[in-house]
Amino acid sequence: MVEIYYDDDASLDVLAGRKVAVIGYGSQGHAHALNLRDSGVDVRVGLPADSRSRAKAAEEGLRVLTPAEASAEADIIMLLTPDTTHRKIYADSIAPHLSEGKALAFGHGFNIRYGLIEPPAGVDVFMVAPKGPGHLVRRVFEEGKGVPVLVAVENDASGNALAVALAYAKGIGGTRAGALRTTFTEETETDLFGEQAVLCGGASALVQAGFETLVEAGYTPEVAYFECLHELKLIVDLMYEGGISQMRYSISDTAEYGDVTRGPRVVTPAVKAEMRKILDEIRDGTFAREWVAEDDNGRPNFTKLVEEGKQHPIEQVGAKLRPLMSWIAK
């Protein structure tokens with residue numbers, strides 16, 4: 001079973017006298033920086049001189065430096081920019097200032113797991129990854145609660161890396177809810193698999209295939225949209241709140257019978273075998289190499305596939321129907 005740490009297992013005293021730099025001010029960056037500051041941590045934000053986020057961070061009372069300046073000052077450097085930017089930011093702005101005794105932290109393990117960043121041996125390397133978007137991390141913190149986080153230690157040069165990671169997690173509110181111990185490998189591989197096979201790739205492909213099946217059988221696209229895309233949120237919300245069993249309890253008997261008898265005909269053993277292939281590509285580095293090469297090459301195939309997806313008929317139907325839904329923010 002996973003080990004879970006709470007407020008009593010962590011101490012902000014570990015961060016006393018230590019300077020923290022949060023590199024990036026996007027969804028997670030702003031939440032980490034503001035929560036740490038409100039927890040009494042000495043924090044500064046590292047942003048490029050031309051970043052549009054500099055003014056916002058300054059307006060919110062944070063000290064704003066360049067990534068290099070922030071890294072030079074800090075004892076603990078948390079890198080919270082997009083994965084594809086990490087290598088350059090690390091090489092240009094962090095590595096020259098990453099002296100022995102410092103700590104390098106991440107919100108996702110991708111670049112460490114696949115060896116794209118290799119910190120020196122004398123540096124602690126840890127991860128604190130909230131299991132929720134930044135705006136939720138900030139809002140719940142202000143309410144006196146927290147969002148669960150994953151914590152991991154990749155390199156414990158100081159012998160105190162876990163205590164530092166837990167103190168950081170406490171500073172952003174994570175130990176209020178629970179900090180689950182994991183590894184960089186487990187976090188990275190499961191996160192990528194979830195995105196590709198279930199949450200993003202799997203769900204979007206399933207929705208499109210269902211929509212196409214109904215339209216090709218002669219049903220109106222608008223009704224197909226409601227049945228295959230729009231109502232998905234209703235079901236996911238039930239699962240989110242109480243699991244699959246609670247969702248099944250909440251739907252009609254007809255829907256539940258169709259679920260348990262027809263669902264396995266959609267996600268067949270062949271589908272699960274393909275899921276395993278996707279997982280194997282994540283574990284052996286095939287996906288990482290493919291994605292890094294695609295990004296380094298200007299993302300031609302990625303851009304083409306995204307643009308093709310925008311042309312799917314379900315997008316046009318949705319654009320026509322969503323204005324009818326007053327509860328959706330426009």
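The backbone N, Cα and C atoms fix where each Cβ goes, and this holds for glycine too.
Residues or ranges marked as NADP(+) binding site in Swiss-Prot (evidence: sequence analysis): Y25, G26, S27, Q28, S51, S53, G134. The Mg(2+) 1 binding site feature in Swiss-Prot is assigned to D191, E195. Per Swiss-Prot, the feature Mg(2+) 2 binding site maps to D191, E227, E231; the stated evidence is sequence analysis. Feature annotation from Swiss-Prot assigns substrate binding site to S252; the stated evidence is sequence analysis. Look at Swiss-Prot and you will find 2-182 tagged as domain 'KARI N-terminal Rossmann'. As annotated by Swiss-Prot, domain 'KARI C-terminal knotted' applies to 183-328, with the evidence given as sequence analysis.
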S27, Q28, S252: which of these binding-site residues has the highest Cβ count within 10 Å of its own Cβ?
-> Q28
Return the residue, from the listed binding-site residues D191, E195, E231, with the maximum count of other C-beta atoms within 10 angstroms of its C-beta.
-> D191
Show which residues of the chain containing E227 (Mg(2+) 2 binding site), separated from it by at least 6 in sequence, have their CB under 8 Å from its CB.
-> G210, L214
Within the domain 'KARI C-terminal knotted' (183-328), how many residues are helix, strand or coil going by DSSP?
-> 124 helix, 0 strand, 22 coil
Would you mind checking how many other C-beta atoms are within 10 angstroms of the C-beta on S51 (NADP(+) binding site)?
-> 17
Only counting partners 6 or more residues apart, tell me which same-chain residues put their Cβ under 8 Å from the Cβ of G134 (NADP(+) binding site).
-> G26, S27, Q28, G29, H30, A31, H32
Given the binding-site residues Y25, D191, E231, state which is nearest to the residue listed as 'substrate binding site' when distance is taken between Cα atoms.
-> E231
Can you see whether DSSP assigns S51 (NADP(+) binding site) to helix, strand or coil?
-> coil
Y25, G26, S53 as binding-site residues, winner by CB count within 10 A | Y25
Three states by DSSP: which one describes Q28 (NADP(+) binding site)?
-> helix
Nearest to E231 (Mg(2+) 2 binding site) by C-alpha distance, among the binding-site residues S53, D191, E195, is E195
